[in-house]
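Q: Take this structure, written in structure tokens, and hold onto it; I'll ask about it next.
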């Protein structure tokens, strides 16, 4: 009680000194390891980091620059030696994947980004990230973080790959894939599991599909443009229907895959009597190519305008054909990739893929 009373008297008199714990906000340790600390008192300058407010668009195989600049308010004159860190974020911002860190001209890249990223520092206070040979998994949010002593500011930029979402069922039928199998079948078809933003974009462009499929975050959803009874009911508005997160091992659904633009071309081969699947694979090899995968056919249809009313084999054993301009005897009255399923017998042409 006496100590408390004395403390209150000191506070009331205004004669006390502020508490000091031996560490200022901008108290920076030196690099000599000699125990002699350097105190860099706050000079009133504010660090500001800015990236693009609009998404940056690219496609698979391209090179892309994610802009990032920083400055001080007020300007502090010559460039200081700062640390730059780029990270890739999940859509919900809960986890980060290190992309690269840099101090001056020294930098280190991580994981799948090794050998594919570097900083562009063409102007003063620039910290833009250059990604070479963009991959499907590069789509997403990136954080540009600038660290100057204990000053640490960042901003986020979106990288959106131009691509196409397509629903996929394996040969053995509907709702046969757990999450990990869905990831694999998309990879087998030259694609990856789509994320929600990609599915939403596909829905806004007209995708309507009543079968539920896995997305990259482990949720199960499906896009509906025309409400109907088997697809959530006629009284629900159009939109993305969601089952929420499902058990990744036990629950089984279809998959929504995402593929981007191609580095090569898809072309059609045929014989007068058609071909079996094995003959089709050999025909593509003879032409210096390989039998096309489903994702490659969808990409060629959307980005290269591939339009063919003849059905052809694909690598997964399915038979499909792409229609840009609907016409008589070519299926529905809307553009799309038509499917004959996975015929166990029959002779067809083949779609081949060849790198440029």
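Note: Cβ is positioned from N, Cα and C throughout, glycine not excepted.
Nobody curates TrEMBL annotations by hand; they come from automatic prediction.
As annotated in TrEMBL:
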type: DISULFID; residues: 210-231; note: disulfide bond
type: DISULFID; residues: 309-330; note: disulfide bond
type: DOMAIN; residues: 45-157; note: domain 'Ig-like'
type: DOMAIN; residues: 164-259; note: domain 'Link'
type: DOMAIN; residues: 265-354; note: domain 'Link'
Q: Rounded to a whole angstrom, what is the C-alpha distance between residue 330 (disulfide bond) and residue 231 (disulfide bond)?
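A: Spelling it out, the Cα of residue 330 (disulfide bond) and the Cα of residue 231 (disulfide bond) are 26 Å apart.
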Q: Compute the C-alpha separation of residue 231 (disulfide bond) from residue 309 (disulfide bond), stating it in Å without decimals.
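A: Cα-Cα, rounded: 30 Å.
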Q: Report the same-chain neighbours of residue 309 (disulfide bond): residues 6+ apart in sequence with Cβ closer than 8 Å to its Cβ, ordered by sequence.
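A: For residue 309 (disulfide bond), the qualifying residues are 321, 323, 327, 329, 330.
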Q: Please report the number of other Cβ atoms within 10 Å of the Cβ of residue 210 (disulfide bond).
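A: Excluding its own Cβ, residue 210 (disulfide bond) sees 14 Cβ atoms within 10 Å.
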Q: Within 10 Å of each Cβ, count the other Cβ atoms and name the one among the disulfide-bonded residues 231, 330 with the highest count.
A: 231
